[in-house]
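The structure appears below as structure tokens.
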Amino acid sequence: MAMASLARRRAAEAVLLRRPHAAAWASACRGYAASGEESDVVVIGGGPGGYVAAIKAAQLGLKTTCIEKRGALGGTCLNVGCIPSKALLHSSHMYHEAKSSFAHHGVKFSNLEVDLPAMMAQKDKAVSGLTKGIEGLFKKNKVEYVKGFGKLVSPSEVSVDLVDGGSTIVKGKNIIVATGSDVKSLPGVTIDEKKIVSSTGALALTEIPKKLVVIGAGYIGLEMGSVWNRLGSEVTVVEFAPDIVPSMDGEIRKQFQRMLEKQKFKFMLKTKVVGVDTSGSGVKLTVEPAAGGEQTVIEADVVLVSAGRVPYTAGIGLDAIGVETDKGGRVLVDNRFMTNVKGVYAIGDAIPGPMLAHKAEEDGVACVEFIAGKEGHVDYDTVPGVVYTHPEVASVGKTEEQVKASGVAYQVGKFPLLANSRAKAIDDAEGMVKVISEKETDRILGVHIMSPGAGEIIHEAVLALQYGASSEDIARTCHAHPTVSEALKEACMNTYDKAIHM
């Protein structure tokens, strides 16, 4: 079909060239790819939300096109976010364990060293394999893949500047904006991806910095700080707020910070950056208390700016067709993900809600189900969050502070990993599980886990919240022994009754 379209276009150009004054128009036409048939669904963005939406739409029998500007599918998460960071977190953890714990377990060796290029190559291999895997899924499900920057020109048309040159118009009955998010900048702090880096630059450093300053004590900053801390960097975290990870349950957060401090993290909370000097070989940051006061200068080899993310919604034609956004650039949608413009939808980081890859995936599936005439559903109260440090911290539902503020009578059950057989056996017993349930009904309201593999264990709690289970439901569910997940069972026992092993 593509060859036939190309032949038709060239034939048209030949006719035009025989006409007076038409040569210039024909020359311009060569850079403009012919549009194909109208799709049922056009997705702008090939990240977790976009590519999942495209595949699901195709599975539902809809003719689907996905436009991705990067030239590689997977979005920020796969290319410069979730996946490469987890690869480096795993590799750096292996090195740190070998250096600090192996001898204790009877494993001794000499000449341990970091091969950073090999570590980076392993990360890149993981990314490349997964990206190609998504392309394979597109082919399997017959999703048309257009590589280029997409911009809305009407409620049913997207203009695309193609990666390989030229442009085209992609037409669709329904258009889904899945453009994701970008790094949030800080006033006066210019990211050059050399001395001052975003998370993208922090994933590609060619040397281990002696001193690393992280601006922002959120998920990304603490994870990337962990990578370089394990490899030998002195890590200082500067945070404007009074606490690290402000969305985390307060009790868990305090214990988490103590653990990071044991790992030699340094924290400067309630502190703001007021000046940056990159004129020397490194970086000098001038900081002061958030409320104002005496200034201090911090020196670093590299500064990581990790102050959050903002929706990538500017410059994609939303204003041209009248799509409404809020002051932060988030696209406003109804409960079916449709914008105020009929036929135009938005999902993932482009709309309000947690900026998480798995949330975007759920949005994508639900959105195309609505488009296909089915009933999609996303329960945002049961979207889990995980900090992939060591130990990991995972949570779902409400924090104790949120439950208390709601006025609902509640009860809390806790269980320390020090009393868990598997955690003791593997000598990795720092952490705890905390379960909050409604006092009258015992319905689970929130679960917070700090443990090895917390990101895997949390899904039992997600399922429990999704279906309105009680803490007793989990407590009476048989758990394999010995497993770290038994700590969740015991915390639930402690919520409505008493745990056995404490």
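Cβ from N, Cα, C; glycine included.
If you look up TrEMBL, you'll see 40-364 marked as domain 'FAD/NAD(P)-binding'.
The annotation disulfide bond is assigned in TrEMBL to CYS77-CYS82. Long-range Cβ proximity for CYS82 (disulfide bond), meaning a same-chain Cβ under 8 A and a gap of 6 or more residues, is found for ALA357.
Secondary structure at SER181 (FAD binding site), taken from DSSP and collapsed to helix, strand or coil, is strand. Marked as FAD binding site by TrEMBL: LYS86, GLY150, THR179, GLY180, SER181, ASP349, MET355, LEU356, ALA357, HIS358.
Same-chain residues at least 6 positions away in sequence with a Cβ under 8 Å from that of GLU239 (NAD(+) binding site) are, in sequence order, GLY216, ALA217, PHE267, MET268, LEU269, LYS270, THR271. Residues or ranges marked as NAD(+) binding site by TrEMBL: GLY216, ALA217, GLY218, TYR219, ILE220, GLY221, LEU222, GLU223, GLU239, GLY308.
Marked as domain 'Pyridine nucleotide-disulphide oxidoreductase dimerisation' by TrEMBL: 383-491.
Within 10 Å of the C-beta of HIS481 (active site, proton acceptor) we count 10 further C-beta atoms, all protein chains included. According to TrEMBL, the active site, proton acceptor annotation covers HIS481.
Summarising model confidence by region, the domain 'FAD/NAD(P)-binding' (40-364) averages a pLDDT of 98. The record assigns LYS86, GLY150, THR179, GLY180, SER181, ASP349, MET355, LEU356, ALA357, HIS358 to the FAD binding site, and the maximum Cα to Cα distance across that set is 29 Å.
For SER181 (FAD binding site), the nearest of the recorded positions CYS77, GLY218, ILE220, LEU222, HIS481 in terms of C-alpha separation is CYS77. Listed in sequence order, ILE244, VAL245, SER306, GLY308 are the same-chain residues at least 6 apart in sequence whose CB falls under 8 Å from the CB of GLY218 (NAD(+) binding site). Least crowded of the binding-site residues (LEU222, MET355), judged by neighbouring Cβ atoms within 10 Å of its own Cβ: MET355. Secondary structure from DSSP puts LEU222 (NAD(+) binding site) in a helix. A Cβ within 8 Å of the Cβ centre of GLY216, ALA217, GLY218, TYR219, ILE220, GLY221, LEU222, GLU223, GLU239, GLY308, the residues given for NAD(+), is found for these other residues of the same chain: VAL214, GLY225, VAL237, ILE244, VAL245, SER306.
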